[in-house]
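Chemist: Just passing along the structure, written as structure tokens.
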Amino acid sequence: MESEQLFHRGYYRNSYNSITSASSDEELLDGAGVIMDFQTSEDDNLLDGDASVGTHYTMTNGGSINSSTHLLDLLDEPIPGVGTYDDFHTIDWVREKCKDRERHRRINSKKKESAWEMTKSLCDAWSGWLVVTLTGLASGALAGLIDIAADWMTDLKEGICLNDLWYNHEQCCWRSDENTFEERDKCPKWKTWAELIIGQAEGPGSYIMNYIMYIFWALSFAFLAVSFVKVFAPYACGSGIPEIKTILSGFIIRGYLGKWTLMIKTVTLVLAVASGLSLGKEGPLVHVACCCGNIFSYLFPKYSTNEAKKREVLSAASAAGVSVAFGAPIGGVLFSLEEVSYYFPLKTLWRSFFAALVAAFVLRSINPFGNSRLVLFYVEYHTPWYLFELLPFILLGVFGGLWGAFFIRANIAWCRRRKSTKFGKYPVLEVIIVAAITAVIAFPNPYTRLNTSELIKELFTDCGPLESSSLCDYRNDTNASKIVDDIPDRPAGTGVYSAIWQLCLALIFKIIMTVFTFGIKVPSGLFIPSMAIGAIAGRIVGIAVEQLAYYHHDWFIFKEWCEVGADCITPGLYAMVGAAACLGGVTRMTVSLVVIVFELTGGLEYIVPLMAAVMTSKWVGDAFGREGIYEAHIRLNGYPFLDAKEEFTHTTLAADVMRPRRSDPPLAVLTQDNMTVDDIENLINETSYNGFPVIMSKESQRLVGFALRRDLTIAIESARKKQEGIVGSSRVCFAQHTPSLPAESPRPLKLRSILDMSPFTVTDHTPMEIVVDIFRKLGLRQCLVTHNGIVLGIITKKNILEHLEQLKQHVEPLAPPWHCNKKRYPPSYGPDGKPRPRLNNVQLKPIAEEREETEEEVHLLNSTTL
């Protein structure tokens, strides 16, 4: 009975089998030859998801297998390719879940037949844990390799370790026995380029030579990075998180998570970070981890043939990526849940946690920074925060929200200008110009010359007797024998004031260059630059509050908290709060961001300041626009992504959004048993639709099901090759029983197996807020609109996105609730009392006799072709 019900619902055993997936590893490599250019016209095509207009599917007669092939042989054998998806198309989540349930039933029904079947069942059950384990291992290993290589190449811009070429500056000085504690960064084994080329370690000549070599290496690394991306893997550019979010929502981008993209992204990410550009490696590490998850998923048929199951692996991979990027396994799981995942069942939560755990364990075993930590800027604070400090923490949150709103608008405006001008056609030149400006301005300032991760580490670090940074140049008027954690607040020295001016210049430089850097054609993350901007602002505010408390400790806000000689203000804590606030203002993350920063510091007592700053930054940023930077880039590139965070508050109906409209051609439909193979091929060649409703007949217009364009093409081609007697005049039958035909008629072709017998339908009076929720929660590709069982039109994800965009641009006037609206479609009888004619196709058009009514009405037009 169960299988019979599945058959009538269109989910019988052969309905959605995908034997040869179109997303094979070989096809993933094809992205290397693509020039990634998101022009406006192309974005519309990506959003459309339709086949290219004018594309003809040429179908030729294939040789027959033998003359006695039965009509139902095609149904007994799976049709290769049916159930797969073309590039830049959206998957059908409902169909993929039905495929997985049918596969699971089949395995469970056979596992008691033999020991081999039981073994296969166990392997299938454990394949999910195995694939996330492999993903975590690969993500941790690649992250460690990227960290080590990026640190070495960053220091290569300043000099080289002569005795051990593979050591960076810090590691080279570790092995030296000749350097002193006061000058621990200056060791004889480390040679600057000025010492090697002109033999001078000090003086104007040495400065100029080091300046020139710094610019040379920066330009060289940037040129190599953009050249590799342009030639070998255009999809390796950018952060990757906007595309990952779109892919996890069900969109197909062939090659974006392939082997070649993984290789080039790994190499060019090291080059881009080493070039000194205002970018980070944390965002691209999520892309790298997802590439690993996608590649390993092809080792298991459970995931390689099911796009929905594959996205569960990608959700776990994104958690592993954040885990190795920030050393925050729990934060990575929450990031995957809050920010990138579209479908996140409970078992995916467990596997994401396990993948993040494995990745963090591997990275900790590699120990790329030599500090037994997962990140370079891990810090620990031992001074508690006080209640009055909530005010500056909230002010930092306001700054983070303002920065986020400014950055999103400025960066999107620049990226849109890049698309619309000739400047965007020369990505190599753009990267070289940005890298040159960055290197020229960054070198004179020691805080901009530093690697951004090292800058954040210095800003986060609390001052102690072992610190030699100018940020810790305080006037020591206390007993130096006090322990490190009990050093009281002290008056700032000249080095601190000089450092504040340099930090102010660095803040302006970072703000401007980050706007122009994010989006260029090299791997570029946004986490680290945003955190650096917030850390700079936070450190400046922290020093200001510290000095205010020192000189005015008798004020009522300090009187009860800061006594004379007490250590009550930690400027490094302000840097950490500012970093979280600015990152939250740009990405609009909340829970996951607080947990990530908490795992960075290891201090549970600082969660309240972090929560206050992050929520404030979100509220301030949302006042200027609810979109984060990733959602803004998704909309800019025209990806079909329905954001679950947006609320639909308008009063439109399904009839207002469905196609066809008044000026559109009639709705193209198929009949269940009145069309020939030639008729269907002509319809496919003359239209660009991705699917066609199947109706009972031209007279009744009652809905039978829905057939996809790709499945029709593949099924007809397969039938011509495998069945004898299938010609252009063969009748195509979507019904369960083949109608009686004359004896001399050619052999019919039965395609009920590819028909979706239960397509989602709504009536023309359904509110669009319900339709949008259906698309979001069920992941639909399309939804049919009916009126009294008659097909009126179709709503696709593209139509909904276009409608939402129109509503954003034009504020809808106040209207009564949807249930109070007047009936929009006429009854079965016209104003003259005569029944309305029912002819071939459905077309929206005002009726002449009722033109005084302003609503749209259905007019059934006569048409000679479908």
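All positions are counted from 1 along the displayed chain.
Every residue gets a Cβ built from N, Cα and C, even glycine.
Remember, TrEMBL labels are computer predictions, not curated facts.
Just lifted these from TrEMBL, have a look:
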type	residues	note
DOMAIN	658-722	domain 'CBS'
DOMAIN	755-814	domain 'CBS'
REGION	847-866	region 'Disordered'
TRANSMEM	126-150	transmembrane segment
TRANSMEM	214-236	transmembrane segment
TRANSMEM	256-277	transmembrane segment
TRANSMEM	284-301	transmembrane segment
TRANSMEM	313-337	transmembrane segment
TRANSMEM	386-408	transmembrane segment
TRANSMEM	428-447	transmembrane segment
TRANSMEM	499-520	transmembrane segment
TRANSMEM	532-553	transmembrane segment
TRANSMEM	573-598	transmembrane segment
Chemist: Applying the under-8 angstroms CB criterion, which one of 126-150, 214-236, 284-301, 428-447, 573-598 scores highest with the transmembrane segment (313-337)?
Modeler: 284-301
Chemist: Could you give the residue numbers and ranges of same-chain residues that sit at least 6 residues beyond the transmembrane segment (386-408) on either side and whose C-beta is under 8 angstroms from one of its C-beta atoms?
Modeler: 511, 514-515, 530, 533-534, 537-538, 541-542, 545, 557-558, 561-562, 568-569, 574, 577-578, 580-588, 609, 612-625, 627-629, 632
Chemist: How does the domain 'CBS' (658-722) divide up by DSSP, counting helix, then strand, then coil residues?
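Modeler: Computed counts for the domain 'CBS' (658-722) are 24 helix, 17 strand, 24 coil.
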Chemist: If you count every Cβ pair below 8 Å, which range out of 214-236, 284-301, 499-520, 532-553, 573-598 shares the most with the transmembrane segment (126-150)?
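Modeler: Of the candidates 214-236, 284-301, 499-520, 532-553, 573-598, 284-301 scores highest.
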Chemist: Please give the sequence-distant neighbours of the transmembrane segment (499-520): residues at least 6 beyond its ends with Cβ less than 8 Å from one of its Cβ atoms.
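Modeler: Contacts with the transmembrane segment (499-520): 226, 237-239, 277-279, 403, 407, 410-411, 414-415, 418, 427, 430-431, 434, 437-438, 441-442, 445-448, 455, 469-471, 473, 526, 529-530, 532-533, 536-537, 539-540, 543, 629, 633.
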Chemist: Using Cβ distances below 8 Å and needing 3 or more such pairs, separated by at least 6 in sequence, tell me whether the transmembrane segment (256-277) contacts the transmembrane segment (573-598).
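Modeler: Taking Cβ pairs at least 6 residues apart, the transmembrane segment (573-598) and the transmembrane segment (256-277) are not in contact, as fewer than 3 fall under 8 Å.
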Chemist: Could you tell me what the rest of the chain brings near the transmembrane segment (284-301), counting residues at least six beyond its ends with Cβ under 8 Å?
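Modeler: Distant Cβ neighbours of the transmembrane segment (284-301) are 24-25, 28, 127, 130-132, 134-135, 138-139, 142-143, 146, 239-241, 243-244, 247, 257-259, 261-262, 265-266, 269, 310, 313-314, 316-318, 320-322, 324-325, 340, 359, 523-525.
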Chemist: Please give the sequence-distant neighbours of the transmembrane segment (428-447): residues at least 6 beyond its ends with Cβ less than 8 Å from one of its Cβ atoms.
Modeler: 211, 214-215, 218-219, 221-223, 225-227, 230, 275-278, 418, 455, 458, 499, 502-503, 505-506, 509, 513, 516-517, 520-522, 536
